[in-house]
Amino acid sequence: MPTIGVLALQGDVREHVRMLQEAGATAHAVRRPAELDAVDALVIPGGESTTMWKLAETFDMLQPLRMRVKEGMPAYGSCAGMIMLADRIEDGIAGQQTIGGIDMVVRRNAFGRQVDSFESDLDFAGGRVHAVFIRAPWVESLGADVEVLGRCEPGDRIVAVRQGPLLATSFHPELTGDARVHRYFVDMVREL
Ligand code: GLN
């Protein structure tokens, strides 16, 4: 059974831990470099990417996170977590940095402001899922090695991608009670 950490600098950590357990993984919060060393894979939750970046620097986690991702650790980023896994971002604040790893440009707050948050059904990796978007980003452009796993209206925007061991979604599957996205990630971790 893989051990999967949930980055617990900020965001809805408990919900992800619960969904990972339901999907058959051992899961716990990761706040410090030593805790990161102890996991096979990592979920980066939604929240606010500028805050997450600053906290990652404060807790001396940014470099260790970049190192693990570079070494091939599987990671799944949801919403702000998707932003954290993007090599490049649009509409970030001055100097905003990411962990990186996925060859894509992600636009922050792309679907509009907090009041424009919405829910929608969409195809994810061959199945229909109910997706919750909260001030969500979309993928503006991507490299040839990045696979599109999901799109959503309006605009047929790319909202789920995978590049090797890295998975990212604009939406929050931890809020729906449907563990399929987490199961997809746990299966990825098992296969890698
Ligand atoms: N808008 C947030 C950001 O830029 C992401 C929102 C979310 O994670 N629900 O980080």
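Note: Cβ is positioned from N, Cα and C throughout, glycine not excepted.
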TrEMBL has Gly47, Glu48, Ser49, Ile134, Arg135 binding L-glutamine. Which one of Arg107, Arg108, Arg157, Arg162 is in the same site?
Arg108
Taking the residues the record says bind L-glutamine (Gly47, Glu48, Ser49, Arg108, Ile134, Arg135), how far apart in Å are the two Cα atoms that sit farthest from each other?
13
Rounded to a whole number of Å, the separation of the Cα atoms of Ile134 (L-glutamine binding site) and His172 (active site, charge relay system) comes to 8
Position of peak Cβ density within 10 Å, selected from the recorded positions Glu48, Glu174
Glu174
